[in-house]
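Working notes for the structure below.
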Amino acid sequence: MSASSPSAPRGQDLPPATNWRRPQINQGWLARLLDSKTFLIIACLTPALGLLMVFLTYPLGLGIWLAFTDTHIGRGGVFVGFENFESLWYDWVFWGAVFYTVFYTTVATVLKFGLGLWLALLLNENVPFKSLLRAIILLPWIVPTVLSAIAFWWMFDAQFSIISYILVDVLGWRDTYIDFLGTPWHARWSLVFANVWRGIPFVAISLLAGLQTISPSLYEAALLDGASSWQRFTRITAPLLMPILAVVLTFSVLFTFTDFQLVYAITRGGPINSTHLMATLAFQRGIPGGQLGEGAAIAVSMIPFLILATLFSYFALARRKWQQGEAND
Amino acid sequence: MTKAATADDGSALLSWQSRQRRVVTVYVPLLIFVFILLFPFYWMTITTFKPNAELYDYKNFNPFWVAAPTLANIKKLLFETSYPHWLFTTMLVAVCSTVLSLVSSVLAAYAIQRLRFKGSAYVGLAIYIAYLVPPSILFIPLATMVFQLGLFDSPMALILTYPTFLIPFCTWLLIGYFKSIPYELEECALIDGATRLQILRQITLPLAVPGLISAGIFSFTLSWNEFIYALAFISSSENKTVPVAILTELVQGDVYQWGALMAGSLLGSLPVAIFYSFFVDYYVSSLTGAVKE
């Protein structure tokens, strides 16, 4: 920097201070342009906001429009009003998908948070090889979902399932192999299990980060006051963890509700449409089925739920800032 | 970490946790968790190296071990399918979309956090909300767009659409990082006559390098794992990404080649797992940082 700036006037005949002028840096038009704040703001925001506008905001609007048309692949559609939604209203496959989406989200989220919190508390104990453990535990989250789903598919095989093998031949708890993916309820629970398996690491590691911000002196004080471990958990850990829990919960619910990969990889909605999520049903009707309008209508039906989740997250975030006493962002 | 350790020692003294009790309440559950979380990977690996005779015969062979390991499945995957090509496409898409997202996110985060203009908080909020828009409701309209733009079945379609979920995440993460860099440093530089661009390049970015690495790694793994766009926008076999190709190209007919499928899953997971193992700490910090911000 010093090399580029012209040296201040110096020498034998120093001019009086009143005559001194700020040395004029002869900037090119480009440098001047880059120093203009308005230009900079626009230039900096354009790539990100441009990409998001074109590939996120516009498709979101287009999707809502498509839901009200009868577009097929390769053929533009015309506006048909609520026809798509009306036919969905009388479509038991759609209602089955809505039921399973809600069931899948609720059960998987409860299990993920119960087990994830437990795992986070275990990791927060002073255990050896903590960072190695943390790295290992995150593996299910790193590996592409579809690939671990294929592993689960093989583990849920009707004839050669290793889980059945353990239950029947090793432990002798059952007489017959379980048909994991052949009957509706078995398939539903198997998918929930796979989802929980994949979701625990994210919940556990995020909550662990939250746990580590809680000051140990609070626990010491509580111990001196004679609080039991359950009291310490409900009075110190839970309230202080609540804000981060709310955010993690929002993300988890959102991504579980709109899940696609796991179900598509393992069952593709079968047997007899019992494990369709709204996303997989939208895909099946929209892309291979060609009925883009109807697929879009199913996808759009997810939006009210997403808005609820977003609002929840926003207020949880606002509450957290209020607790920290930060004035603005 | 040290604080937590001392606290634990304190609690151990005060509440008198005996060693046995600690084993039952901490180590045993932890072991069970690790076992369940890792078992599918073990199973994936062991199946990859099993010859077909062992794969379908639990009576004569112990299913938990390989009696005669074979490389046939891996060989089949590498030389009889276009796996190398899929790997290359995935790499290309992941790298390009990561770079694209990082550049746009750095600029956007700098503008929102440092150039402080009217409404910058709302732009930040809008980007946060964009993160909550899931690909599952965008893929149908995006598919029609991709088709109209003539990008269908080209990696370009993926490079341009992946930033929709990468940019919000990276921007949000980098805003947090920029926030932690003292503003005074930039003011000093401004007084010394540095231009805004110089400040970004010579002061802010070097200090935000850990954040950049975290965001980059997270983006890379996210684009490696992406599935629904790649499934919907790509149709020809050689342009598919690894996760899509393994599911759609290796599963044919009713008889599944489990050995080859598991080999595909293993080899598809390994690159990202190895990449991850080098940067675990950055990855964890980005995961938790994004949640905390």
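Keep in mind that glycine also has a Cβ here, set from the backbone N, Cα and C atoms.
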Annotated stretch (transmembrane segment, per TrEMBL) among the listed ranges B:55-78, B:199-222: B:199-222
Whether the transmembrane segment (B:159-178) meets the transmembrane segment (B:86-110): three or more C-beta pairs under 8 angstroms: yes
Sequence-remote partners of the transmembrane segment (B:199-222) [C-beta within less than 8 Å, at least six residues beyond its ends]: 94-95, 97-98, 101-102, 105-106, 110, 114, 162, 165-166, 169-170, 173-174, 176-178, 181, 185-186, 189-190, 272, 275-276, 279, 282-283, 285-287, 289-290
Chain residues in Cβ proximity to the transmembrane segment (B:86-110) (below 8 Å; excluding those fewer than six residues from its ends, i.e. six or more beyond): 123, 127, 155, 158-160, 162-163, 166-167, 170-171, 174-175, 177-178, 200, 204-205, 208, 212, 215-216, 219-220, 223-224, 230, 238-243, 245-246, 271
